[in-house]
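Trainee: This is the structure I want to talk about, given as structure tokens.
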There are 2 protein chains.
Amino acid sequence: RALSGDVAFLLHRVFMRSISVLGSDKQVAKWIPLATQHKLIGSYAQTELGHGTYLQGLETTAVFDIAAQEFILNTPKISAMKWWPGDMGRSATHTVVFAQLYIHGKCYGIHPFIVQIRSLQDHSLCPGITAGDIGPKMNFEHIDNGYLMLKNVHIPRENMLSKFCEVRPDGTYVRQGSQQINYFTMTTVRISLISDEVLTPLMKSCTIAIRYSAVRRQSKLKPGEQEAKILDYQTQQEKLLPQLAAAYAFHFINDYLQELFDRGYREIQRKNFDMLPELHALSSGFKAVITHHCTAAVEICLRACGGHGYSLLSGLPSLYTKILASCIYEGENTILLLQTARFLIKCFMAANAGQPVPPSVTYLATGKPGKCPAKSKMDFLSPDIYTEAYQHVAVRLISSTASKLQDLIQSGVKKYDAWNQCTVQLVQAAKAHCHYITVKNFAETVEKLETKAGIQRIMKHLCDLFALHGIFSNTGAFLHDGYISAAQMDMVTASYLDLLAVIRKDAVPLVDAFDFTDKCLNSALGSYDGQVYQRLYEWAQKSPTNKMSPAYEKYLKPLLHNTLSKL
Amino acid sequence: RALSGDVAFLLHRVFMRSISVLGSDKQVAKWIPLATQHKLIGSYAQTELGHGTYLQGLETTAVFDIAAQEFILNTPKISAMKWWPGDMGRSATHTVVFAQLYIHGKCYGIHPFIVQIRSLQDHSLCPGITAGDIGPKMNFEHIDNGYLMLKNVHIPRENMLSKFCEVRPDGTYVRQGSQQINYFTMTTVRISLISDEVLTPLMKSCTIAIRYSAVRRQSKLKPGEQEAKILDYQTQQEKLLPQLAAAYAFHFINDYLQELFDRGYREIQRKNFDMLPELHALSSGFKAVITHHCTAAVEICLRACGGHGYSLLSGLPSLYTKILASCIYEGENTILLLQTARFLIKCFMAANAGQPVPPSVTYLATGKPGKCPAKSKMDFLSPDIYTEAYQHVAVRLISSTASKLQDLIQSGVKKYDAWNQCTVQLVQAAKAHCHYITVKNFAETVEKLETKAGIQRIMKHLCDLFALHGIFSNTGAFLHDGYISAAQMDMVTASYLDLLAVIRKDAVPLVDAFDFTDKCLNSALGSYDGQVYQRLYEWAQKSPTNKMSPAYEKYLKPLLHNTLSKL
């Protein structure tokens, strides 16, 4: 399982990141070495049974006791019980608990506290702690997601993470900078999970499904000939190649986000919080868009392999059930998109009032009606043409939703009701923004690859495919105000379908090299995924009636042997 | 598990159906009583490791031996090995094997043969038989999907199912009616699986997710008030209510298909095969459209419950992994849609040449440009308005793809290449046809409910919602040729979003009644699904460290107890 990335103690890193980002120098000096040397096992206890996305509603309390110089932590109701934290069911000894801070009966909002939950001697639960595993899930059997109840748990004053907010011994509360900074760990987690938890499963799935489609033959394309490789069917290309293109699109946007984040993080270390809103908006929106898109893509890959994809031996089912969780954890996607939308509406208003806005949204000031200038299907292979079309749609959706919002408010609807009545369209607007940035960034990245001609040519095809697939799958957004005409949309379709055959010929022939004696077994054999061998092995061990078929015996056993001997 | 429908021996029914449909009176009289009394356990062996959708390519052979009056069956290569048949890994004693029939060295194509594979005395494999389980899958752990190899297996001449095709003792081959009739078992299975395997999971998922959303509270809709039920958020309504509407739409189309099928079946019993093409086209297309739509819907329900949906205890993960298989088994969806498309293109040509066509496609002759006559958002609540819009789009997509096909062929492209180059659009056309029939049938069904006013009102809302959701999610198809203008599309959007709030108020309040003391636990408590209790119970038994949380102990145990005591 470790071969395929199913490792435990992932939350240990989040524990450490919280302390690095939110801890004072003294706290970092004390806890990070202990964690690095694994003298403790960390977790991150934010979500409660009754509260996921609405952090302000968390019910766990941390009351400051001046006399004892301690915080007293409680989960006063069942709905306040921490629920889901990874590695907490059985493993963690310490965790960062998010709780409402009270001093002299006054609530100061959510703050992070380091709490020891298990003994470092015998791993028994500490006094006042109730914890365990929350039960079976759709995947992540290797992670003990847990629950945690706290009953009058005392921790020293020094355990509140205090780089930005501090409680002085006399109970004075001091804040440096934004209260929002306490949510910053989530921002960093959202960005890091894109490459680790989302792109890797998609890349694996594309590899498995495309290699399978290059060796699996089914039905005849031309009468009298051998059955055709399924990758030669237009419908199969149309399923898989756009997912391959998306894997690259999101790989490059991940680089973009990482760079933006590094810049923002350096500023925050200098106590400059100006980039926080943009970072929060982009990390939220892209987390939602990428996890959603990649989850759908992995499902497409699975289904494109037919029954062999549904067999656990293909590796695809567990890639799917794993990536699906990414749509839910670290911020539910709809809520995240609405946070991005709130930022976009604010920036749109500002930009149109001539005020400065962050670089990623300056385009919002440039909106104008216009028409797409393309005259032939070849014109739609020009990044300028399609990037502008995406920009136009993003501006249109953001501005029309902003207008609807204002109209409702002016007609007397309460602000919060008006917002709720626009949320379906706000989500569309936020997606359009992220889609535009992704296409633009992909095109710019390909442009910069000019010294590597062979790679650049293939990447240009994939960039075009990603862009045209987005238009083809969402024609209404581009047709609505006539920016793209019906005749032009037919050109988009023609160009898009042509590209599939081009990429099949130009970029995919490498995979044709894989042609095992028994072409039918490749869903298992064709995949790199260590999990495949592992699952088969586990299953075969389970019961003497679970015998491998002769075919698997013949082809898989040597491979399994070979793989294990290399470990 | 039985409570939630996870029962074994489902293929026994398919085995019986094959014999009922394809067997002679004598065969029916011999085998059906044995099967009914469970004196044998049947399976259905069609798919091979190397061949799923392309039945003509099946490699298993049945050679007639005149001297012995027997068929000799072989799976000559690994890719000919039967692969996937349910209940065959360990359970079945008999199966219907589909094999290429050879007489005097001449191949007569695929025919069904009853083959005994295990002893009725000690359940050991019969001579020449190799069989076992194909390994772990994404669900269906309770079904032993199997593989089967045949090496010179002899069966009596009487074991070829011979209602429509017969091999006489002297080797004469006699066929009555269409060769296609041998695929008829699949047609009946495709229709029956819609209600059993697809609609039920969707209905359960809707119930679980909507009840959860009526008791789960998160974040504030109005400042100063209690946190809001998540069902009161527009985005949550927009996720779940269209799925509820779809469950009804497909429930009614299932009735329509069932009626059509019963009529066709009666004709076939009279050896009249005229309805076969229409039945095949409709059962294929609807199997694909409904399984695809319902699978996506169950995933939406799962994700709409956040982490609680991802927990196995919600019942949703296993509903998803089960329904997902329906997109793959009994005909891969894309292939099925292309079969429907082939029928539609043929009928379109015929209709436009003034030839008679089956009733479900007479509308193809009526295509004309035109514009949608709606003038206000209220007009889009008129079934005539939206049904015509769907009809218009279906005709446009079918006719434009037929034109593209003809243009390609006239420009010198080979017929099979031209077909492949149109397949992405042919799939769209087939979907549009099924979508149109579904909307039309829903509207007509609601119309007929006129004596039950209360139910009719709610059903009318759901019918409108289903229709408008389809337009809203696929605006490009309706905008493309200007049938619906941009201004009208804004009316559709407004009407659609209004409906969500209306249905929330009008049809869903019943579920508000469920308000458990601990609102957070309802993803488990709110579901009827026996599986939930079963999974929790199994999981808790597995290891002493798997302890139920106190909350589950408190609420689930009595329920579990209660449920089990009723069994």
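Note: Cβ is positioned from N, Cα and C throughout, glycine not excepted.
As annotated in TrEMBL:
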ACT_SITE  B:Glu330  active site, proton acceptor
BINDING   B:Thr47, B:Gly86  FAD binding site
DOMAIN    B:183-345  domain 'Acyl-CoA oxidase C-alpha1'
DOMAIN    B:383-560  domain 'Acyl-CoA oxidase C-terminal'
Trainee: For B:Gly86 (FAD binding site), just count the other CB atoms lying within 10 A of its CB, please.
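Mentor: The answer is 22 other Cβ atoms.
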Trainee: What's the number of neighbouring CB atoms sitting within 10 A of the CB on the residue listed as 'active site, proton acceptor'?
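Mentor: Counting Cβ neighbours of the residue listed as 'active site, proton acceptor' within 10 Å gives 23.
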Trainee: Could you please provide the mean pLDDT value for the domain 'Acyl-CoA oxidase C-alpha1' (B:183-345)?
Mentor: 92
Trainee: Name the residues of the same chain, 6+ apart in sequence, whose Cβ is under 8 Å from the Cβ of B:Thr47 (FAD binding site)?
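Mentor: Non-local contacts for B:Thr47 (FAD binding site): B:Lys82, B:Trp83, B:Trp84, B:Pro85.
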Trainee: May I ask for the distance between the residue listed as 'active site, proton acceptor' and B:Gly86 (FAD binding site), taken between their Cα atoms and rounded to an integer number of Å?
Mentor: 12
Trainee: Under a three-state reading of DSSP, tell me whether B:Thr47 (FAD binding site) is helix, strand or coil.
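Mentor: Looking at the DSSP assignment, B:Thr47 (FAD binding site) belongs to neither helix nor strand, so coil.
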